[in-house]
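Summarising the annotation, TrEMBL assigns active site, nucleophile to 101. Annotation source TrEMBL lists active site, proton donor at 105. According to TrEMBL, the domain 'GH16' annotation covers 1-195. Summarising the annotation, TrEMBL assigns N-linked glycosylation site to 109. TrEMBL lists 1-24 with the feature signal peptide.
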């Protein structure tokens, strides 16, 4: 069973953080915002499945709360067997054209072959910061990536726009598995991802945009709220504590080992190898 964490502090994309809220469940904390007929909650909302039933009918979950700082965690059991062409996602995102996003996608594969962990970061609407990894035997609790705050050097960072947490399953057989060479076997549908143990430990910052009746059709993005950001940074929460803006020495060693042994794509290295303009953060300290 794979676990996943999205922590919006240093923006460290990791496999899991062992924290949760007592009594929190998917029914209380989340809405199904796309194809709700393909979602099923059992055990009082503690257990959730999202199903992909066709190339146009998947499913999406979204938290009720918006936030900037905090963590979201859950336990995900990915599609079993032949999952080629399927994508199971777990990410945070603001709403609008110039959105912020921390993206964690699991790209399916043929039976017996490993998933691909696909990560990306969007800040101020700019993405194309992909890194991909092959899974190792034990994934849980191991950080795999950090996107450092270089806002003072002119690199946009994710500290202004309230975000929701999302998870979804959808079809992407044109690119997801071996560059689209391996297609989805639709005779195996539905493809099902299972979820347990949602943990939502965030400082809530409600914004306009998606989920707001006053501006549900807006594409301009959630309004920035400096007062809320400041309140969250100075409030009595674990993410506001001094020393939590970087990985520990142990976590740093773990991440470097994973990146050395399991990285299959790095946008910085790819730009350098192909002689394309290198994003400015690639030449700045990474940790």
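Using N, Cα and C of the backbone, Cβ positions are placed for all residues, glycine too.
Overlay of TrEMBL feature records on the structure.
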residue : record                      : contacts (Cβ under 8 Å, 6+ apart)
101     : active site, nucleophile    : 91, 92, 93, 94, 120, 121, 122, 127, 163
105     : active site, proton donor   : 87, 88, 89, 90, 91, 117, 118, 119, 120
109     : N-linked glycosylation site : 83, 84, 115, 116, 177, 178, 182
How does the model score the domain 'GH16' (1-195) in terms of mean pLDDT?
87
